[in-house]
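Here is what Swiss-Prot says about this protein:
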| type | residues | note |
| --- | --- | --- |
| BINDING | Gly223, Pro224, Phe225, Gly226, Ser227, Gly228, Lys229, Thr230 | ATP binding site |
Amino acid sequence: MNRIISINGPLVIAKGKFSIFEVVRVGEEKLIGEVIGIENDKAYIQVYEDTNGLKVGEPVFNTGKPLTIELGPGLLANIFDGLGRPLKDIYEKTQSIYIPKGIDLPTLDRKKVWEFIPKKKKGDTIKGGDIIGTVNENGFEHRIIVPPNVEGKIEEIYEGNFTIEETIAIVNGKPIKLYHEWPIRKPRPYKEKLDYNYPFITGTRVLDIMFPIAKGGSAAVPGPFGSGKTVLNQQIAKWADSDIVIYIGCGERGNEMTEVLEEFPKLKDPKTGKPLMYRTILIANTSNMPIAAREASIYLGATIGEYFRDQGYSVVVNADSTSRWAEALREISSRLGEIPSEEGYPAYLLRKLAEFYERSGRVRTLNDLEGSLTIIGAVSPPGGDFSEPVTQNTLRLVGALWALDSKLAYKRHYPAINYLISYTKQWEFVKKYFEELYEDVIEIREEFFAILKRESELMDIVSIVGPDALSDNEKIYLHMGRIIREGFLQQDAFDENDSYSPLEKTIELMRIIHKYYVTVKQLLGKIPLEEIEQKGIHEKIIKLRYKSLKEFREEIKAIEQEILSLLNSQ
């Protein structure tokens, strides 16, 4: 019989026979744990629940299985803890606002009936990853995938209403159900990785144009406390051009998950017109939950993302915040007595981060569909210090840095993305898309960067000698810098017209700002800049972002006329 011989917080040492990464039940309360190390007949067990009250000598029960998640209908519009247990079902069963220790509930609802429509017929040969049929889940076509380890001839296939436990087909004598299980630490197989080809449109202008990533790409959002990481992550979750959104609250405040739960059902998806919650999966592993489960929640989100990617959908996984997960790794590592690396983090921090971020990508699935998994990870460096290990190791793995700046946040510049230090490595991939549809945008974007850089340099001079010391040829950069910052880069998350900026609106806004800039440059030397400013055209451009699409188009025409009149006045 396996017995506990030592307890150190979430780390339990037991004597007996175990397999590495096996899920075990610890103590009389049968707490969920995972074997993370074996030494002779001793096993080091990471316990995913509170170990208060656990005693030395209590039994440890083997399950013989790794940590797995059930994948099938019922995942969407649901909220799970870090181990994939549905929080709503836990509350209905226990009437407790806390998760009781040792509770064992399946991820998917066993009673709900789904209408299964077969896409294959009796006698067809199928293999792992093939789509055998579909189920309608809140208007979403949930494609039922053959488990990757199954192949052969379909002996029987049924149509009709089934619970997820009932057999829908028989292949080589094996029953196929609406769901299958998959180990969360094991990436799901695919045929090949494909090149990026299409930008990941978020509805946030500064991300879509200045620092875009491709569908299947990855980005890090580091920033100090109060700089707007969570609001930006929620904005991406709300409006991203993605079929499925998985939002992982990893070690963050419970109120943030509550906000998402309250807001998303009220908001409509711009593509389908249905509540946003219908395409969203929430994984809540808040700061007061056991820290060991933070690691599980990150892999859980990636596995669910890969499952929908394998159905040919585009998926985005939002992890807020990976720093809390790294802190959990640091705590477990120190309890194991491992030699610490920089700032006390384990030496394998980079490998662990890579295991997560490398699961992103655009792939050809086993059933020859194209799917993508985009990963966006928030990082919370203490004091906003980007040189700390989690931020530095993350930047080695991701395709873009969206750096949040508390100075911009205090100036009420939202999203507070520092446009001088942020970057994207994926511009070359998405550039082709813009070249085909909006060729002029590439040049305008470069000009915007040049103006903002020059404005920043001149602001240092202005802070010492004042703006009057500058010539009009220099003042134009301050004038245009303000228009770009306030009229284009800034975005109001709480304004119904400005919260989500369709790409068409973003491009038109860029063009009108650029048109105004070219006109003012032509007039410099003929009219003083002060006189041009008095016309007030720039104020109208700045306010454009608050207009609805219909008003926006009308206002653009009026501003174009004013710019033309200004040019013809000379």
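We number each residue from 1, going along the chain as drawn.
Heads up, the Cβ atoms here are built off N, Cα and C, so glycines get one too.
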#### Entry: Other same-chain residues whose Cβ falls within 8 Å of the Cβ centroid of Gly223, Pro224, Phe225, Gly226, Ser227, Gly228, Lys229, Thr230, the recorded ATP site, in sequence order
Ser380, Leu404, Ser406, Ala409, Ala416
### Query
Which residue, out of the binding-site residues Gly223, Pro224, Gly226, Gly228, shows the minimum number of other Cβ atoms inside 10 Å of its Cβ in this structure?
Gly226
### Message
Using a 10 Å radius around its CB, how many other CB atoms surround Thr230 (ATP binding site)?
### Response
22
### Task
Mind checking which of Phe225, Ser227, Lys229 has the fewest other CB atoms within 10 A of its CB? They're the binding-site residues.
Phe225
